[in-house]
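Here is the structure we will look at.
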Amino acid sequence: MGKISSLPTQLFKICLCDFLKIKIHIMSSSHLFYLALCLLTFTSSATAGPETLCGAELVDALQFVCGPRGFYFNKPTGYGSSIRRAPQTGIVDECCFRSCDLRRLEMYCAPLKPTKSARSIRAQRHTDMPKTQKEVHLKNTSRGSAGNKTYRM
């Protein structure tokens, strides 16, 4: 014997089906077209593979992500490394031939440059101090000058 469902459950199913039939009948054909278009858009974007960045699009994306820091096409390596490494892959290999995300793009950004802070007077060397007019004149006279004057050897 088959399973007998309760009366309230059957009534709910009938009412729901009738409600949906009325709603679909009331909807105009343009509404149905837009609904189908939305469903098609969502399903096609869900099945589409990840996009790749090549050429000018890759450069534009790097400029946007890295900003004024700039970027490298190959990953920067440490200095003084004498160990032979396998050939490096660059941003083109990682983002043009395969898809990459924002974190992968950020790996190719140049490091932030430290901001130049104002040096204190104590930290300045004596050669950084401006020379007075008298000091400049004394140095020039000790070396001699052009014309009839003699030069020191």
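The backbone N, Cα and C atoms fix where each Cβ goes, glycine too.
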Can you look up which of Cys17, Cys100, Cys109 is joined to Cys66 by a disulfide in Swiss-Prot?
Cys109
Looking at Swiss-Prot, which of Cys95, Cys96 bridges to Cys54 via a disulfide?
Cys96
Where Swiss-Prot places region 'A' among the ranges 27-47, 90-110:
90-110
Tertiary contacts of the region 'A' (90-110), as residues 6+ beyond its ends and Cβ separation under 8 Å:
49-55, 58, 61-62, 65-66, 69-76
From the disulfide-bonded residues Cys66, Cys95, Cys109, pick the residue whose C-alpha lies nearest to the C-alpha of Cys54 (disulfide bond).
Cys95
